[in-house]
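**Q** Dropping the structure in here first, questions after.
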């Protein structure tokens, strides 16, 4: 008997449980129709965990994740918990500790504009007529967000604050290797984003990326300063394949790429460590304003599951089938509210049913 692949499911808050229910439909098909040996266990996280147990990341949840091969995450947070100190709120007290505990140093954020949804993009039609497919590879555990010293103080000149951008060569090497490896199965292009005309950390970044690139002669490497990159993405997004970014630059660029697709409800993400253990989640938030209305778009959650199948289970063919099922649903004209004309749209559960049907029929 094949060893079961263990998935910890953390639905979370807001629309998290609603869109996770649609991902469960896909998981059930993978078990029954594709004969994947899966062991799925669900745990509480975020605000709902605070309400139940007084903490956003309960010990049982952390241990459950430790005993799993991957984490499928929903969303956390909401105004209900804004009274708490920032460090105790659902977002800060669950996601960040999980990333740190499992050393999830890389964040993968695909931004794809489907040809049938070109009208959603805020960019002109002549810019997006061919669509685009960008993968932002962001270093997640180093850089200015974690560098020390940082703080706030006063002197004779007044009050001041400071942060420190620190990158070690090994941190740059491992994220660069991942970007090149991912590019080799895409269009074989990596564009590294830095600010090496100003920042010492970016000078090292560019040097290390150039060094790593010598191991991948089939990959075309280019470099852009962060300010120029932001402009080029607006001007011609289809020129890009894989974007390799430091923590802060990746934070900026990935959100820009997300917005020009027209709907963040379509976008998945993955955070991986060196052993391909990953946390997979939609790029959007918990959207408490539409919680319980059955109008949330479940596609980002379903595509996050597809990324789990691809990167942690290494089952590219099955992941391709899930992606294709999503595309076929869109091609057939099915739309949730966020990607519709506001009049003709289907509910959250209906979109999940339709994608599941395409997956079964396309097996």
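Using N, Cα and C of the backbone, Cβ positions are placed for all residues, glycine too.
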**Q** Determine which of 89, 109, 124 appears in Swiss-Prot for the same substrate site as 99, 138, 227.
**A** 109
**Q** Using CB atoms and a 10 A radius, I'd like the single residue among the binding-site residues 78, 90 with the highest neighbour count.
**A** 90
**Q** So, in DSSP terms, is residue 138 (substrate binding site) helix, strand, or coil?
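**A** DSSP call for residue 138 (substrate binding site): strand.
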**Q** By a simple count, how many Cβ atoms lie within 10 Å of the Cβ of residue 287 (NAD(+) binding site), its own Cβ left out?
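**A** Its Cβ has 24 other Cβ atoms within 10 Å.
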**Q** What are the sequence-distant neighbours of residue 195 (site 'Important for catalysis'), meaning same chain, six or more residues apart, C-beta distance under 8 angstroms?
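**A** Correct list: 202, 225, 226, 227, 249.
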**Q** Other than its own, how many Cβ atoms are within 10 Å of the Cβ belonging to residue 291 (NAD(+) binding site)?
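**A** For residue 291 (NAD(+) binding site), the count of other Cβ atoms within 10 Å is 17.
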**Q** Could you give the maximum C-alpha to C-alpha distance in Å for the residues 99, 109, 138, 227 that bind substrate per the record?
**A** 28
